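Participant: Provided herewith is a single structure, encoded as C-alpha cells, for subsequent inquiry.
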C-alpha cells in the first residue's frame, strides 16, 4: 500500500509538471501568434501605402542621415507618412532576416495623425523611433523575454515615450531582448534568437540586441535602449553603431519595467540608464537635445532640469584625453586594442592632448562591487523571475550556479580560496560566491561603491582630464557564447558602477592582420576563458563578416564625468570624424 501510494504521488508530480509546462507552451505560442498577426497587419498596411504611392524612392529615404531627414520633414519636402511606411517596410525585411522585432506598434498610424495637430513641429517631427521591449508603451506588453510578463499590457506610456511623442517622433516597433535582460546575447524562449544583420552566425549583442540588429540592418534610424552593464554599448560595438549610456538619472526611467536584475536607480548603487542608439553621433546628440526638454522635467521631477548644452557639443577647443587599451582584467582581442591605439594617434595628430590613464582595481570592482550588486542575495530574486518559466539555454549555467545551496556555496568558496587569484582574473560563476549576508554588509557594499567612485574621480582630477578613450568588448561574438563569458564585460561594466556617461563609436573593421595576430593571442593565463574568447573571435570558427573573420565592426569607448553627456558626445563626434577621414 505504501509503495502504491509513493508511485501514485510520483505519477501525480510528473503529470502536474507536464501540465505546467504545457500551460507555459500555450502562453508562449499565443504571444508568438499575436506578434506574427501584428507583422501581417503591418505588411498589409505597407502594401496599401505602396499601391497608393507607388513611386517612393525607398533607398533615397533610408540613406538620409537623421539630421538631414528631420530637415526635410520640417520643411515639407518629405512627408511623415512616406518616411514611416518606408521604415516599416524595411523593418519587416530586417526582422525576417534577424528576428529583431518583438512587436509592431499599430498606434503609430494614429500618432501620424496626431503630429499633424501639434502647434509646433518638435525636434523629432515625423521620425520613426524603435524602442526596447521593456520601455513601456500603453496597451502593449513589456515582456523582458519572460512568460510571467505576458499577462498584463502596460496601462500608461513611459515618460520617455511621452516625451518622444511630444517632440513629434513616431514609436513604431518594440525590439527583442534576452530573457530577464541579464545577458549580452539576445535570445529568449518566447520570441527566439536575434541575429546580427551582418552575419547570422553572430550575436547582435545585448540586452538591447533587437535595437542593434534593427538599426544596423537599416530598419530604424533611431532607437532607445537601456544599459546596466553595457546593454547599449555592446550591441553598438557588435553591430557597428553609435550608442550612448547617459548618467542614469539624466533621462527618466519612470514607467519602464525594471526587474530585480535591471533595477531602478533609487534601489541600487548600480543604476539602469536609458539612452539612444543610431548610425552616427549627431543623431545621438539630436535625440538627447529633444529629450532634455521641459516636458521631461515636468513629467518626472526626479530628472535634473539640465537642458542639452549645444555649446559644449559644438566646441572645437582641444581636449585633454586620458586613454588605456586594456583594463588588466579581461584581455580583449588584438583588433579592439588596435582601435584604441589608432584613435589615440589620430586625436593626437588633430591637436588634442593624450595622457596615459589606468583605471584602479578593476578585479575588485568586477567581483566585489558589480557582481555583488546583482547577487547580493545569492541570486534568489533573479531566480524568482524564472518561476513557471523555461530557462533560455544561454542562461542555464548562471541559473544553475545560483541554485547551489548556501552551504554548497560556502564549501565551494573554501575549496577555491587558494585559487582566489584566478577567480579574480576570470570568475565564471562568481554569483556562487559574491553575496551580502546581512543588511549591515549591504550598506557597507553601497559605501564601498561610493568610496571607489571618489577614488576614481580623484585620479581623473589629478591628471586634469576632460574625457577618457578606452576599449569596448568586440568584435561580435558567435551566438550562444556571451553566456559562457559573462565577465568579459568589464570594459563597459566599470562605467555603470561609476555612473559615468559612456558611448561607443565604430572606427574600423577586423583586418586579416588582426586575424593573424589573434592566432598568437594567449590572454592573461591561457586558461579556459582566454581560449573561449580566442575561439569565439577566431576566423576558423566561421564567424567573420568577410573572408575568415575580417570585416566585422571594431569600436572604441568614450567616457566623461557624470552629467557631462555633451562632452562625451563631443569626443565621440571627434573620433567619428577622424575615423571617417582615415
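Any Cβ shown, glycine's included, is placed from N, Cα and C.
A TrEMBL annotation is a machine prediction, not a hand-curated record.
Per TrEMBL, the features are:
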ACT_SITE  132  active site, charge relay system
ACT_SITE  207  active site, charge relay system
ACT_SITE  231  active site, acyl-ester intermediate
BINDING   181, 207, 228, 229, 230, 231  substrate binding site
COILED    21-48  coiled coil
DOMAIN    83-569  domain 'Amidase'
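Burial and contacts for the listed features, if you can.
Facilitator: Its own atom aside, the Cβ of residue 207 (active site, charge relay system) has 35 Cβ atoms within 10 angstroms in the protein chains shown.
In sequence order, 184, 370, 489, 492, 493, 496 make up the list of same-chain residues 6 or more apart from residue 229 (substrate binding site) whose Cβ falls under 8 Å from its Cβ.
Sequence-distant contacts of the coiled coil (21-48), counting only residues of its own chain at least 6 positions beyond either end whose CB sits under 8 Å from a CB of the stretch, comprise 85, 88-89, 92, 95, 101-104, 106, 109, 141, 143, 147, 150, 189-191, 388-390.
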Participant: Just the number: how many Å between the Cα atoms of residue 132 (active site, charge relay system) and residue 230 (substrate binding site)?
Facilitator: 14
Participant: Roughly how many angstrom lie between the C-alpha atoms of residue 207 (active site, charge relay system) and residue 231 (active site, acyl-ester intermediate)?
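Facilitator: Rounded to a whole number, the Cα-Cα distance is 5 Å.
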Participant: By a simple count, how many Cβ atoms lie within 10 Å of the Cβ of residue 228 (substrate binding site), its own Cβ left out?
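Facilitator: Within a 10 Å radius of the Cβ of residue 228 (substrate binding site) lie 27 other Cβ atoms.
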